[in-house]
Amino acid sequence: MLKMHPNINKYEGVPVTDRIVLAYSGGLDTSVAIGWIGEATGAEVIAVAVDVGQGGESLETVRQRALGCGAVEAYVADARDEFANEYCMPTLKANALYQGHYPLVSAISRPVIVKHLVKAAREFGATTVAHGCTGKGNDQVRFEVGIQTLGPDLKCIAPVRDLALTRDKAIEYAERNNLPIETTKKNPYSIDQNVWGRAVETGYLEDIWNAPTKDIYDYTATPEFPPAPDEAVISFRAGVPVALDGVLLSPLQVIQELNRRAGAQGVGRIDVVEDRLVGIKSREIYEAPGAMTLITAHKHLEDVTIEREQARFKATVSQRWAELVYDGQWFSPLKRSLDVFIDDTQKYVSGDIRVVLHAGVASVNGRRTDTGLYDFNLATYDTGDTFDQSQARGFIELWGLSAKTATTRDERVAASGENA
């Protein structure tokens with residue numbers, strides 16, 4: 001019999017006959033949450049673990065731990081290809097960087113986890129979904145808004161937030177009940193990772209003057225001492241990477257290989273203070289070698305293939321898209337509408353981009369496409385160019401006519417002393 005912490009309170013409104021599905025990571029907090037939830041509600045707990053390329057332990061190891069911690073069932077899903085195809089690729093097409101920096105590493109993994117949580121709830125007859133988020137972060141919103149959208153009839157609970165269950169209490173509970181989980185406090189950071197990148201926060205980093213120490217990095221090598229430059233050719237079809245150096249690969253494989261190659265060069269390190277959805281600013285360290293390399297290459301191919309006015313408007317759409325996804329609105333009507341526009345812009349984003357990876361930078365030095373708008377004969381300054389320069393004078397006169405007319409008006413009003 002698991003020993004209940006004396007400070008734990010019962011959830012109201014969750015009948016003891018209910019089954020509850022729990023978003024399970026295999027870590028301390030969610031392992032302990034299995035017992036906490038059972039004690040607080042009397043319900044059976046089904047642990048749901050979703051592999052989005054976070055690495056580490058096998059799904060079977062995670063499944064066995066969940067069962068060892070008291071779950072009656074353990075639903076595990078290898079969602080790596082699904083995550084790459086349906087979540088990372090739309091993010092790439094949008095060139096999505098929240099506040100110009102963050103490639104939405106954690107934000108885009110939550111919707112796929114939500115999808116499997118709701119699927120598991122239906123499969124096992126659960127009426128409630130639980131997650132291990134605190135009340136201070138963005139993920140609580142992402143999980144609960146997503147669950148409300150995909151499963152409006154499902155209830156949501158968050159034991160760490162709702163019952164004020166601290167890490168010290170979690171360690172005490174795990175040790176007292178001999179749960180099969182490591183309980184040391186050796187890692188002071190909060191870490192979330194998947195194939196699109198890695199996020200590190202809290203601890204020493206909360207003082208925003210402190211420089212990150214080398215020990216917090218895992219996906220990237222120190223860029224100050226790089227190996228020889230690594231040149232890669234990334235091939236795209238309709239905005240999606242389909243090959244690397246001429247070898248056909250799936251999106252997942254492209255991301256994984258660029259994580260390895262760009263990571264070895266220290267590409268993709270981001271140190272930023274960002275605005276959280278809950279109204280506070282937070283210092284975050286990100287590593288996204290594959291994601292940042294792909295976004296860089298993709299943007300350069302767009303520069304060649306997308307018409308100017310469409311490209312300008314897409315930049316605005318991409319910013320709003322990133323904000324929606326960061327704010328937990330992956331399944332919202334507006335985000336779906338923006339997806340339609342973004343997909344339309346990608347019709348001609350096909351071709352090859354040559355990228356040099358070196359010393360923390362992914363720099364583009366070559367572009368090749370059959371669907372581009374770059375016309376050598378129009379662009380060249382050499383003899384034989386097809387650009388008719390005689391049309392420039394009239395174009396300039398008309399282009400500046402509005403400003404010229406306004407200036408003439410301003411000077412006339414100023415000279416007469418009239419009020420505008």
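From the backbone N, Cα and C atoms, a Cβ is placed for every residue, glycine too.
Per Swiss-Prot, ATP binding site is recorded for Ala23, Tyr24, Ser25, Gly26, Gly27, Leu28, Asp29, Thr30, Ser31, Gly132, and the stated evidence type is sequence analysis. In this structure, Gly27 (ATP binding site) belongs to neither helix nor strand by DSSP; it is coil. Sequence-distant contacts (6 or more apart, same chain, Cβ under 8 Å) of Gly27 (ATP binding site) comprise Ile181.
According to Swiss-Prot, the feature L-citrulline binding site maps to Tyr102, Asn138, Arg142, Ser190, Glu274, Tyr286. DSSP classifies Glu274 (L-citrulline binding site) as strand under the three-state reduction.
The secondary structure of Asn138 (L-citrulline binding site), as reduced to three states from DSSP, is coil rather than helix or strand. Less than 8 angstroms from the CB of Asn138 (L-citrulline binding site) sit Ser106, Ala107, Arg276, Leu277, Val278, Tyr326, Asp327, Gly328, each of them six or more residues away in the same chain. Annotation source Swiss-Prot lists L-aspartate binding site at Thr134, Asn138, Asp139, citing sequence analysis.
Around Ser25 (ATP binding site), the same-chain residues at least 6 positions away in sequence with a Cβ under 8 Å from its Cβ are Ala49, Gly132. Summarising the environment of Ser31 (ATP binding site), the number of other Cβ atoms within 10 Å of its Cβ, over all protein chains shown, is 30. Tyr286 (L-citrulline binding site) sits 16 Å from Asp139 (L-aspartate binding site), taking the CA atoms of both as reference points.
When the binding-site residues Tyr102, Arg142, Ser190 are compared by Cα distance to Ala23 (ATP binding site), the shortest distance belongs to Arg142.
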